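Straight from Swiss-Prot, the features:
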BINDING   22, 79, 119, 442  (6S)-5-formyl-5,6,7,8-tetrahydrofolate binding site
BINDING   226, 245, 247, 250  K(+) binding site
BINDING   226-231, 245-251, 270-273  GTP binding site
BINDING   230, 251  Mg(2+) binding site
DOMAIN    216-366  domain 'TrmE-type G'
């Protein structure tokens, strides 16, 4: 994989002031000798000159050459800074490919090479991708913490604890006569296994909060028809996306939109009004409403406060313990007396008076902003959970009467699952899957 030369537009396919075309691999310098009028300077120096095709000038550019190990990728790399028109940039890329000394890079292949060349570990590689795709400040900070290695320390501490136990067991097995190492019997080992499980549980609990940061907080707006769900969605996303009508059952499909509150990304789903109906299309919409409730992190149950005979929808009974459920009483502008709702969240979507709702949501999710150190993406959370399962298997072995020499097999599996987070990956297909989600030219 590392023996050939790759190239790509690193700055995206858009019109811009300056575009960057990146070439990396053993033929990078040879390619520049063919297409650059002038001499490429020494490593880390910028050279000014023309890109040409058989002496036909294409563009006047700045060329920066990074020798060998003195760059992000870890191999000879050239970056061409050209005028940023899409056509102009692609003409230069086509010219590079025309030399037949390089091929077009796959998405994320520069980062993959940096990983394979030992310039970054897998955590940093994924952090770069997360940094690029960050939509809000909290996501940006989480990705930056990953890149700086702050999150890695939590996992590395677990790895070290497992390594220590494995090391002692191996000495007990291979050198039973060695007196300077404690003897780990099943009775001595079991409390340590339980402590490891507690450490895993704590890490998983914190890591699961990361999903809300990286993927956004899935927020479902539900309630009876004409309760004001669509009006509230339009206010939150600052766009007339959902149809507002006096006719019940207007919203028949799930309408989506995003909004940012206190630096956090909320992904909104406005659902069909829930009521008893014989109308088949409306019934399908209501079924989709219940599906959205199942997927939500935050459920906002919108109720028309002005209705004297309000439909009693027991939606809270359909929620899980890990979901947050809020009752929101709308249409405060139609109330003569608001005393009945003094302890409730009362809003007026019509007049955009929703401050108390926003403050309530901010207070609920304030803890996400406080976790400055440890965050994990879905791949890392999956590996931590696999590690915990292996530790549970070790505990089961010990409780079933097997000795440490059997439990060590599961301890090694747990160790491997955690090491995979940093790049101890034996499956090349897994690597391809991870890096294929990266941007072209990265």
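Glycine too: its Cβ is placed from the backbone N, Cα and C atoms.
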Legend entry - Using Cα positions only, nearest of the binding-site residues to residue 226 (K(+) binding site) (22, 79, 119): 22
Inset, instruction - Please work out which residue of 22, 119, 229 has the most C-beta neighbours within 10 angstroms of its C-beta, and give that one of the binding-site residues. - result: 229
Legend entry - Residues satisfying Cβ distance under 8 Å from residue 79 ((6S)-5-formyl-5,6,7,8-tetrahydrofolate binding site), sequence separation of at least 6: 10, 20, 21, 22, 23, 63, 64, 66
Legend entry - Nearest-integer angstrom distance between the alpha carbons (Cα) of residue 229 (GTP binding site) and residue 119 ((6S)-5-formyl-5,6,7,8-tetrahydrofolate binding site): 50
Inset, instruction - Take the C-alpha atoms of residue 119 ((6S)-5-formyl-5,6,7,8-tetrahydrofolate binding site) and residue 230 (Mg(2+) binding site) and report the distance between them in angstrom, rounded. - result: 50
Inset, instruction - Note down the number of other Cβ atoms within 10 Å of the Cβ of residue 230 (Mg(2+) binding site), including every protein chain shown. - result: 24
